């Protein structure tokens, strides 16, 4: 099983290019199921989760191939779907596999999708997906570990979810594009990835208003078509934030290319609070560490507030910062599993319920640590980059789920890091 070996203490310098957003790519790949024409997506990252999604789609009968000439492009042809079932063997490793449910049901009137897996960071139920589809007229039962759904044609409805749910909003948004009549999604998630999905669907002929707000209106149409040009997936704001934290922690000076500062307001505000110098352009961010950072208090919440997917990386930064800081997690329970591993590197962290109190220290010391989920693995890499001596990060398959060639990009800006067996 692959590991990362990191020799810490080297500041990061130079330029790095940000990949396409994982959390936009996954629903947009699934959106191909809505369209009986070949669809091309550009800026598709090379991630394990993308590979898993493509396996699910191919099982359903989608022809999906990366371009040999433009390897960031993926062509998907869902003209001839051969099955409406996404089996446990494919779905178990990734929660986002549930995103085939809405498109299959909307276009074909039936779907059988295994209950999903993914990161072990707490309960992330799919009941809001089911509730919303039932409001649109679907008949759904959960049996033998599968969601079995049927509908003659989905009907437009006003749907208010009990909580803000990103994948729930995406599933219902895709399903509503082919429904009969108007659907209104209340309490919708506002993430940039949802706006990007909506822009793709609009390019396919969907009628959507209000994306990026808590109320999205969708007027169903009879049929969607492929856009005239490939849809460009937005940059990954979480990869961007992760590299920003790594540079701030190591004392470096790096320019991030092909990214968007306007998707990162809360993260950039906290980095400035930590006394990190930032310059932003239309598609770039320059980050310079002005000495040892200051610890910052943060509280995770739904977009546009501070993202839960950046909590672990900022905790790693706080570990070597001046002062004591509080990190409050409000989105997922059990998302402090990286704490014990950071403590192995010498960090001073105490957890009380949903709050972690971090006492910053001058230096960490290298050790062997174990990744427990996707973003926790990124925090351990950041900690390893600043620790004295060697740090080995085990179980980095978590990292590969959501970061495109992370160690290669880090080496390109000066990190001493290598993948080993």
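Using the three backbone atoms N, Cα and C, a Cβ is placed for every residue, glycine included.
Keep in mind it's a predicted model, so treat the numbers as computed, not measured.
For reference, Swiss-Prot has these:
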BINDING   22, 23  phosphoenolpyruvate binding site
BINDING   95, 124, 125, 126, 127, 128, 309, 331  UDP-N-acetyl-alpha-D-glucosamine binding site
ACT_SITE  119  active site, proton donor
MOD_RES   119  2-(S-cysteinyl)pyruvic acid O-phosphothioketal
I'd like to know which of these binding-site residues, 22, 95, is least surrounded, judged by other CB atoms within 10 A.
95
I need the CA-to-CA distance for residue 95 (UDP-N-acetyl-alpha-D-glucosamine binding site) versus residue 23 (phosphoenolpyruvate binding site), whole Å please.
12
Under 8 Å Cβ to Cβ from residue 309 (UDP-N-acetyl-alpha-D-glucosamine binding site), same chain, six or more residues apart: give me those in sequence order, or none if nothing qualifies.
238, 241, 375
Using Cβ atoms only, which residues of the same chain lie under 8 Å from residue 127 (UDP-N-acetyl-alpha-D-glucosamine binding site) while being at least 6 residues apart in sequence?
none
Long-range same-chain neighbours of residue 126 (UDP-N-acetyl-alpha-D-glucosamine binding site), Cβ under 8 Å, sequence gap at least 6?
98, 115, 116, 147, 168
Can you give me the same-chain residues 6 or more apart in sequence from residue 331 (UDP-N-acetyl-alpha-D-glucosamine binding site) with a CB-CB distance under 8 Å?
300, 301, 302, 308
How many Å lie between the Cα of residue 125 (UDP-N-acetyl-alpha-D-glucosamine binding site) and the Cα of residue 22 (phosphoenolpyruvate binding site)?
20
What's the most sparsely packed of the binding-site residues 23, 128, counting other C-beta atoms within 10 A?
128
Could you round the CA separation between residue 23 (phosphoenolpyruvate binding site) and residue 128 (UDP-N-acetyl-alpha-D-glucosamine binding site) to a whole angstrom and send it over?
19
Where does residue 127 (UDP-N-acetyl-alpha-D-glucosamine binding site) sit by DSSP, helix, strand or coil?
helix
How far is it from residue 22 (phosphoenolpyruvate binding site) to residue 128 (UDP-N-acetyl-alpha-D-glucosamine binding site), counting Cα to Cα, in Å?
22
Would you mind checking how many other C-beta atoms are within 10 angstroms of the C-beta on residue 125 (UDP-N-acetyl-alpha-D-glucosamine binding site)?
11
